[in-house]
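Data first, discussion second: the structure below is written as structure tokens.
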Amino acid sequence: MDLVSLSGNLLFIAFLLYLVGTVFFAGSIKDKRAKEREKGTGPNKWAKTGIAITIAGFISQLGYFILRWIAAGHAPVSNLFEFTTFFGMSLVGAFIVIYFIYKTAVLGLFTLPIAMLLIGYAAMFPRDIAPLVPSLQSHWLHIHVTTAAMGQAILAISFAAGLLYLVKVIDHTKKSKESFWLEAVMFGLVCTLGFIFISTGFSASGYKADFSWVDKNNVESIAEYQLPPLVGPNQGESLTEGAMEPLVEMPGIINAKKLNTVIWSIMAGIVLYLLLRLILRKRISAALQPLTTKVNADLVDEIGYRSVLIGFPVFTLGALVFAMIWAQIAWTRFWGWDPKEVWALITFLFYAAYLHLRLSKGWHGKKSAWLGVIGFIIIMFNLIVVNLVIAGLHSYAGS
Amino acid sequence: MKEVICECGHHNPHGTVLCESCGKVLIEKDKDKKLLDMRYEGSARRSQTYNKTIIDKIWNFFSSVKVGVWLIVITLIASALGTIFPQEMYIPPVMPASEYYEDQYGWLGQLYYTLGFHNLYSSWWYLLLIASIGISIIIASLDRGIPLYRSLKTQRVTRHEGFLKRQRLFSVSEAGSEDQTFESVKEKLKAKRYRIREEDGNILAEKGRFSRWGPYVNHVGLIIFLIGGMLRFVPGMYVDEILWVREGETKVIPETDGQYYLENHEFILETYDKENSKEEFAAAIDDKGMVAKNFQSDVTLYKTKGETVHGETPQLEKVRDDSIRVNHPLKFEDLALYQVDYKLDELNQMTFALSNKETNEEYGDLTIDLYDPKDTYDLGNGYQVEIVSYFPDFEFDENSEPITKSRIPNNPAFVFKMFTPDKPEGEVSFVAIQQTIEPFTDNEYKMSFKAVETKDVTALTVRKDLTLWVLALGGFIFMIGVAQGSYWNHRRIWLRKVDGEVWMAGHTNKNWHGLKRDIASVIDGTDLNEPADQLDKKE
Ligand code: HEM
């Protein structure tokens, strides 16, 4: 087997191990004997197995990373797929460290699925190993991107902790703004899952539909759809025999293909969500709540805060300091107000605000948990929307 | 202002909440609080003490964390607005910005442009926001940092009962064998690298006080960084020029007072193709087509020798050969030259032959340097060609007069006058690419096109940025400060004997979990009670 496919297999194994790990972390909560024992006796067998499997998964993913690095000759952090998988791996790494500090198995139940969603999402993008264009041929690429991703991953722990906290403390029996928004976040996660399912499904069936279309500058080009076209491009002409006709045609200013993917993801998300509701017979967050009864809310709050405190300097170093050094060398100026740079600044400012709010009384608990959630949304915005929609110098130009 | 004298005898500045020395609550209204507000140690902060004059008001405004956070959040939102559509510097130069935004993004784009968001980051209000953050950082830090420093320096070991009782972590133990217990606790604290101070048999164990200065250090770093940013506008600190050099050409480097010259030997553009790259890349290359691999200019840097007389060609002395590539600028003195752009195959020389239209007989070639054409070219034997006019970038204007758009030979055209032995007064011919016009008569001779020579042109950014050092220093100090404040905590543990009991209290500025673990492990095996978290009790 060649290096590239071996590396791909290791990634797949890692993914499966994370899945199994999650199950064990869930089991650790249900463990009867653990319930009988007083809290403070440390993790039970289920949790210990869970963390062991998680570590095995992490090592497997590390193997993917190293082999791919050897195969490509450069650190695999140079396109959206590679970056996002690395982000997922760092998230697992950060969780492992936090686990050994705080011994909270439930956090795994929230972190690992997020990591899996990230990796699954990443896998939907082109996975070819690509050579580096001149501006990327620098050690600073590796240093900047890996540090930034690790910073983001540590910060993302505060998202997992925030979710956990909110699921635990919010009263799900009453209709309230907070329970609505928490469920909205859950729905967002389900949509990501929907995106993964639908993309995998159609690509497994080999679906393809090409259109020639005219963009807003009246330039003609080809759009390759991997999902059936619900919305078609401006003046689109189908080039594929028997492909379905788009229901609506978009104006040239809108990238119909991306919009089409978004619509499909939301539809798949709705279907999945409704299914889950049918099975669970309550909201997702309400269904998760029983799993969180044993956790100490203050401890989770503290984990959220500490992960921001630990992640903020790492993020600043990677996403701003190293980024500026590299930009000075590669683009002649350390800062150019490129959208990606601006969003890194926004992330920085946001977490600075988080830390300052935490200093003043009252911004603990729920409020700070919400901030953790919003922070992650900003990070994801920078990763997804800025890369795919607001294209700038840094655009990984996925499809 | 009058000082506040505590019962322990310490003189505190006006406005002190907790005695700097023993921690006794000095302000009446705080006396029945269950827990003390330990932020800034209850020290006398100017902003909490004075609020009369306009200066007080400004000071209090900027020292408020609430205001600081608002400033940060507003800046954050403003920054985000600037990414909705591209900033002016990133739009293609196809049309003026006033049309571009409307053309591309409709009325929203028009609005964006009208509001000035196309140059948001250099707008006065954005800069004002940044400046306010700067001022706020300075004032907030002074307001807290100095009193905090005083307080922590003055603190004594024996703390007032009221102080200990109102700490978040607090316990009272009946101590049987105090001395033995204290010894054991002290040993363990030392092993955990606490600094121990003793006074009348009471203990203060402290660790990581320097982490309290973290925020102040990082704020200083930020301020230095902002100052660095402002220095950009000081003349002479910053240079941003572009230098186009053709292959074979030697040009003076701007901003060097004519001291340095650069010769471009060759511009190299390499792309990845399947033959020359790793097989792993094959799929990606198939997918994307051409992928650039290298942009490089092979150059020689020269320095002028001796005094240069104006208008004379200077004497050049070679400094060094170098290859400028993306990510590998050429640096000398304070300047750096970066590979930023190129133009391949620009016309450089054109060769014509003077020939007879009928017989096609040729009477000699002439090669015209498109950047420096000669007036006349003597072909010998009485054959001579004169260039009457030259249009490097030719087009016809509204009146159908030939004009040139620029001095770059993108579309050269010539008016030749051909002298031959049988036409001594000469024949005039207008020659452009793909067309020849004979304005006066039917000529007997023509200029027949033979060849062109093209050259690549490289574009280099000439950059000087003397602010980088200040920015780097600021960034460095900032990083030290955040690390200091984030990765270390300031923990204190007090042990005091009160009427045969041992009172124990603990405080940390963050990471209570860690402090609790420390305490649990140091009192392990003694008869001290583990301090309860009084915050838990409240709930
Ligand atoms: C983008 C700008 C800023 C950054 C990156 C920044 C960064 C920080 C950081 C990292 C901390 C430590 C937080 C912690 O340890 O939890 C801190 C503390 C602090 N900051 Fe800022 N800050 C900024 C702006 C401001 C502004 C505008 C104010 C004005 C009110 C301010 C006031 C404070 C105060 C009062 C503290 C607490 C000091 C202490 O606990 O002793 N900061 N800052």
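Each residue, glycine too, has its Cβ placed from N, Cα and C.
Not measured: the values here are computed from a predicted model.
For A:6-29, A:50-71, A:83-102, A:107-125, A:145-167, A:179-198, A:262-280, A:308-329, A:341-357, A:369-393, the entry in TrEMBL reads transmembrane segment. For A:78-199, A:268-394, the entry in TrEMBL reads domain 'Cytochrome c assembly protein'.
Confidence in the domain 'Cytochrome c assembly protein' (A:78-199), given as mean pLDDT, stands at 91. With a threshold of 8 Å between CB atoms, the same-chain residues lying at least 6 positions outside the transmembrane segment (A:308-329) that come near it are 94, 138, 140-141, 143-155, 157-158, 335-336, 341, 344-345, 347-348, 351-352, 354-355, 358, 372, 375. Beyond its flanks by at least six residues, the transmembrane segment (A:341-357) meets 148, 152, 155, 308-309, 311-312, 315-316, 319-320, 323, 327, 335, 363, 367-368, 371-372, 374-375, 378-379, 381-382, 386, 392, 394 of its own chain at Cβ-Cβ distances under 8 Å.
Here the domain 'Cytochrome c assembly protein' (A:268-394) has, by DSSP, the following mix of helix, strand and coil residues: 101 helix, 0 strand, 26 coil.
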